[in-house]
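Novice: Mind having a look at this structure? Questions to follow.
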Amino acid sequence: VLGILAGWQATAVGEALIQPAATAVLGQAQKVKLSLWHGITPYLLLSLATMAMAGLAYLWSETAQKLVGGFFARLAPLGPERAYQRAMNGLIQLANVQTNLWQNGYLRVYILFIVLTTLGLAAGALLFNAQGLRLPAFTPPRFYEALLIGIIIVGVAAVVRTTSRLATIALLGTVGLSISLIYLLYSAPDLAMVQFTIETLTVILFVLVIYRLPKFTRIQGQPARWFDLFVALAGGALMTLLVLLITSETFVSLVSPYFNASSLPLAKGRNVVNVILVDFRGFDTLGEISVLSLAAIGVFALLRLVSRDRKKP
């Protein structure tokens with residue numbers, strides 16, 4: 001409506017709006033002349049031709065739709081729409097393959113991908129920075145250290161080979177207790193106590209639920225087991241190498257001296273590790289206890305649900 005009204009008063013609109021705008025943009029005075037009729041010009045003829053073609057297209061719309069539709073239908077297999085549909089179908093198929101591969105519901109597959117990713121990233125970083133790396137001097141282990149290491153290696157090998165769940169639990173407990181003795185040998189009695197307690201409770205819980213588990217079966221072939229062995233050995237070797245590289249560097253720690261100096265005067269405790277867990281990092285410990293408590297409540301609820309189902313006739 002405004003366009004029609006402005007068209008009837010083209011001269012006034014030009015002088016009031018367009019002429020000041022053109023002057024402001026160009027930086028000098030401009031004279032704008034607008035009029036509704038300019039005579040018969042090529043622009044008028046083109047406008048009339050456009051309106052005539054639009055009218056004819058409206059009158060022959062059904063015929064035009066058939067002609068245009070048939071033309072584009074012949075071009076559809078070769079046009080961009082077909083390529084777009086194929087790209088979308090390929091994307092959906094790729095998403096299905098990716099989902100079935102990465103999100104297949106098997107925990108061991110998730111752990112395998114995590115270990116392989118860690119191996120690739122860490123190995124790449126070590127290769128690109130291999131010149132500045134150095135390993136610490138090797139010290140031969142003492143007799144009891146070598147004995148504990150041998151027990152751990154034999155226990156792990158037996159766990160892999162055995163087909164008895166009870167034997168597996170006993171062997172894993174042996175490995176865990178041997179690790180707790182290593183903590184004790186290297187002046188970490190708190191870690192040794194925690195490890196010993198956790199291993200004992202874990203063995204007891206596993207023994208309680210072992211008879212509820214399905215029959216032990218092997219679902220993997222020999223090549224898959226060899227591949228898992230390679231990944232496990234590579235992961236262990238990488239972690240060992242990283243620990244050796246870290247311990248070979250000299251770090252200036254500002255936190256450890258603070259805890260050692262502040263444990264007794266601030267927290268009234270001589271066991272620095274316990275003071276850190278209970279006082280200095282009490283909220284972290286509270287969070288861990290909360291998580292374990294929620295997990296215990298969930299397990300208790302599931303056990304009660306199972307017992308109720310069994311009591312139903």
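Heads up, residue numbers simply count up from 1 along the chain you see.
Cβ from N, Cα, C; glycine included.
TrEMBL: automatically predicted annotations, no manual curation.
Annotations per TrEMBL:
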DOMAIN    151-215  domain 'MrpA C-terminal/MbhD'
DOMAIN    225-304  domain 'MrpA C-terminal/MbhE'
TRANSMEM  40-60  transmembrane segment
TRANSMEM  109-130  transmembrane segment
TRANSMEM  142-160  transmembrane segment
TRANSMEM  167-186  transmembrane segment
TRANSMEM  192-214  transmembrane segment
TRANSMEM  226-246  transmembrane segment
TRANSMEM  289-307  transmembrane segment
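I'd like these features described in context: how deep, what's nearby, how far apart.
Specialist: Each residue in the domain 'MrpA C-terminal/MbhD' (151-215) gets a DSSP state, and the totals come to 56 helix, 0 strand, 9 coil.
In terms of DSSP helix, strand and coil, the domain 'MrpA C-terminal/MbhE' (225-304) has 69 helix, 0 strand, 11 coil.
Same-chain residues lying 6 or more positions outside the transmembrane segment (142-160) and placing a CB less than 8 Å from one of its CB atoms are 167-168, 171-172, 174-175, 178-179, 181-182, 185, 229.
Same-chain residues lying 6+ beyond the ends of the transmembrane segment (192-214) with a Cβ under 8 Å from its Cβ atoms: 165-166, 169-170, 172-173, 176-177, 179-181, 183-184.
Outside the transmembrane segment (226-246) by six or more residues, the chain places 112, 115-116, 118-119, 122-123, 126, 133-136, 160, 220 with a CB less than 8 A from a CB of the stretch.
Within the chain carrying the transmembrane segment (289-307), a Cβ under 8 angstroms from the stretch's Cβ atoms is held by none of the residues 6 or more beyond its ends.
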Novice: Which residues of the same chain, at least 6 past either end of the transmembrane segment (167-186), have a Cβ under 8 Å from a Cβ in it?
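Specialist: Same-chain contacts beyond the ends: 144-145, 148, 151-152, 155-156, 158-159, 192-193, 195-196, 198-200, 202-203, 206-207, 210.
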Novice: Taking a Cβ cut-off under 8 Å, which residues six or more beyond the ends of the transmembrane segment (109-130) line up next to it in the same chain?
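Specialist: Result: 102, 228, 231-232, 234-235, 238, 241-242.
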